[in-house]
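Visitor: The following block contains the structure, expressed as structure tokens.
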Amino acid sequence: MAATIAGVFNPELQNLIKESKILLVGAGGIGCEVLKNLVLTGFSELEVIDLDTIEVSNLNRQFLFSKESVGKAKSHVAKTSVLKFNPNVNIMSHFGDIMDTKYGVAFFNKFKLVINALDNKKARSHVNRMCLSCQIPLIESGTMGYNGQVEFIKKGVTICYECNTRAEPRTYPMCTIRNTPKEPIHCIIWAKFLFNQLFGEIDEIVSFDEENIESEKLSARNWAIQNDYNPKKLFKKVFFDDIKALMNMKDLYADKKIKPVLLDESLLDQEHVKYSDVLDSEMLTLEQNISMFLDCVTPIKEQWEISTNKCLVWDKDDDMMMNFVVSCSNLRSALFNIPFKTHFDIKSMAGNIIPAIATANAMIAGQIVIHALRILRGKFEKCQNVFLRSMPNHKGGVLVKDRCLQPPNPKCNVCSSKGEIIFTTDMNNFTVRQLEELVLKKKLNMVAPDVTMLDRVIISSDETDGVDMYDMTLSEAGMTSGCSFDAEDDHQNFRVKIIAFDKEKSRDEDPDFEIFNNKNDLHTANEQNNKTKPDEDDEDDCFIDQAESTVCDNNGDTREAVNHLMVDKEEIGYEEVTEGGAEEIGNEEEEITEKISNEEIDAEEISNEEKLAIKRKADEAIEDINDAKKSRVD
């Protein structure tokens, strides 16, 4: 290995490499590359943790795995694979969730450095807090397609993962999914719900039965069982009878721009149309989608009959299950005059597949190890954030770095003692249980929260305390508008002050609660809400979280995420974006413009070509900075 070869590293760094214990969180696309690099560099004390098992779709870029590895724990297989490079490395693999309480402060304190190769915001926030608590350097990383980022985090030295506000996942009203879809993604979510109704765990009801409006509804599964999952009967019910029932509800579509249209009934008796020779990147016709639907129902039914507890989990790598969602989503699109999507596009959206390029993962993994060597030597000032660009800049470079480290945000709720959170909700209806589950755990990413107000315990993570106020509303628990309380997580060594304000919902579609970083943000949001008219289609307060249901349209929301600066997935998840470092980069842009414009140029001494060259140089420099800013991914 490199550290054992004389002359590659100086003796001091050689010893640091051999003696330093490193924790790698995540063994996916980036994680595999990083683990391989660490072993080949000469690191001999490593631990890797991942809670996922290997899927077929991982094999194109996660090279430590093979077909024989499918279904096995990523961390264990990755360990076995890299030991073939160097069997003398001491690697411990963990198949589990890094947020489990057994991986607490004592676990993290064993390491000299932590490297994140994660795919979700919640786990990243947790590792960020653990490293801040233990004062351990953390390297964050991510890629999306040809873009990527490496970020160094150290308490008191740089911004932390939560210093900048992250955009929340996009949500969709359930009424839009059921009754008034407007985009292909709405139809894809509906198709996955229909699959769960017929073959999986019963989810939201998206199939409508006119005959049982006033009485108890016959579930889609029970109806299908009574009809022996007959493909043609199922097709007629879902795409003809249910739509007629919807259209008979005149009030439902009164004053609505979006209304379903009936398909031609001759399609019920159409002959089989071949579709197997159509490429995944090509669009299927309506007739081909119908044939695909009819062909896939029976094979899925046969899987369902022999499955455990007669419950299937939708799998994007299962051809028949994928064909079901493709055909159903396109047929649903036809009913609402929405453009079709290709098999490839639907699989990307329904399967939460983000473009992942093996080369990009390799480049980011290499930069991670370079950062790791600098961190071990204490050369923090050389660990600026590094961005991988999809296209070379005017200098021919694809790796662009910040000019300097970004200092911590003094108002950060996590790494600053002065941070506070503004929380608004209807205190007469919002319960203590909702406060714990929706706000503290889901929104603020706590693991085992405790809440105290004026030395009075409202929520306790210790069951022996006997605190049981979960069914009380916040008002009944003693909270009033403008009150403050402390939320603390001993596992993360994280504490934050929360100021609560009472705010009644003016519309059904208004969120149950809102979180703001400061009062200014609250005032700004209130002003915007007063100016904004309600969306005529957002009638339901039941929302679907995109991150939990499916990924957004590659032609829409993915592009929006790329234009922001932080994307969530190893291969990145995608909705999350922040303008981290934008202020600094913006200042650089101003400096360059000012420098060029302030140069004294005698028009008589230079030619027009030289003038154009100077202007082009200024434009290229500014473009370089803007491109670096756009490439920041999480």
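Cβ coordinates come from backbone N, Cα and C, glycine included.
Here TrEMBL flags C175 as active site, glycyl thioester intermediate. If you look up TrEMBL, you'll see 26-31, D50, 58-61, K74, 119-124 marked as ATP binding site. Among the features that TrEMBL reports, Zn(2+) binding site is placed at C160, C163, C412, C415. Per TrEMBL, compositional bias 'Basic and acidic residues' is recorded for 520-534. Look at TrEMBL and you will find 8-414 tagged as domain 'THIF-type NAD/FAD binding fold'. Residues or ranges marked as domain 'Ubiquitin/SUMO-activating enzyme ubiquitin-like' in TrEMBL: 424-505. The region 'Disordered' annotation in TrEMBL covers 509-540.
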Visitor: Would you pick out, from the recorded positions C160, C163, C175, the residue whose Cβ has the largest number of other Cβ atoms within 10 Å?
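Guide: Counting every other Cβ within 10 Å of each candidate, the maximum falls on C160.
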Visitor: Go through D50, D119, our binding-site residues, and report the one whose Cβ sees the most other Cβ atoms within 10 Å.
Guide: D50
Visitor: Helix, strand, coil: count each for the residues of the domain 'Ubiquitin/SUMO-activating enzyme ubiquitin-like' (424-505), based on DSSP.
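Guide: Counts, helix then strand then coil: 15 helix, 28 strand, 39 coil.
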Visitor: Residues with Cβ closer than 8 Å to the Cβ of N60 (ATP binding site), same chain and 6+ apart in sequence?
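Guide: In sequence order, A358 meet the Cβ cut-off.
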Visitor: Within 10 Å of the Cβ of K122 (ATP binding site), how many other Cβ atoms can be counted across all chains shown?
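Guide: There are 17 of them.
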Visitor: Measuring Cα to Cα, how far is C412 (Zn(2+) binding site) from D50 (ATP binding site) in Å?
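Guide: Counting only the Cα atoms, the answer is 28 Å.
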Visitor: Could you round the CA separation between D119 (ATP binding site) and C415 (Zn(2+) binding site) to a whole angstrom and send it over?
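Guide: Just about 22 Å between their Cα atoms.
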Visitor: About how far apart, in whole Å, are the alpha carbons (Cα) of D50 (ATP binding site) and C415 (Zn(2+) binding site)?
Guide: 26
Visitor: Rounded to a whole number, how many Å is the Cα of K122 (ATP binding site) away from the Cα of C415 (Zn(2+) binding site)?
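Guide: A Cα-Cα distance of 16 Å.
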Visitor: Whole-number Å only: compute the distance from the Cα of C160 (Zn(2+) binding site) to the Cα of the residue listed as 'active site, glycyl thioester intermediate'.
Guide: 38
Visitor: Is it possible to get the count of other C-beta atoms within 10 angstroms of the C-beta of G26 (ATP binding site)?
Guide: 30
Visitor: Using an 8 Å cut-off from the Cβ centroid of C160, C163, C412, C415, can you name the remaining same-chain residues around the Zn(2+) site, in sequence order?
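Guide: So the additional residues around the site are L132, I159, Y161, E162, P408, N409, N413, V414, S416.
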Visitor: Please report the distance from the Cα of G26 (ATP binding site) to the Cα of C175 (active site, glycyl thioester intermediate), rounded to the nearest angstrom.
Guide: 37
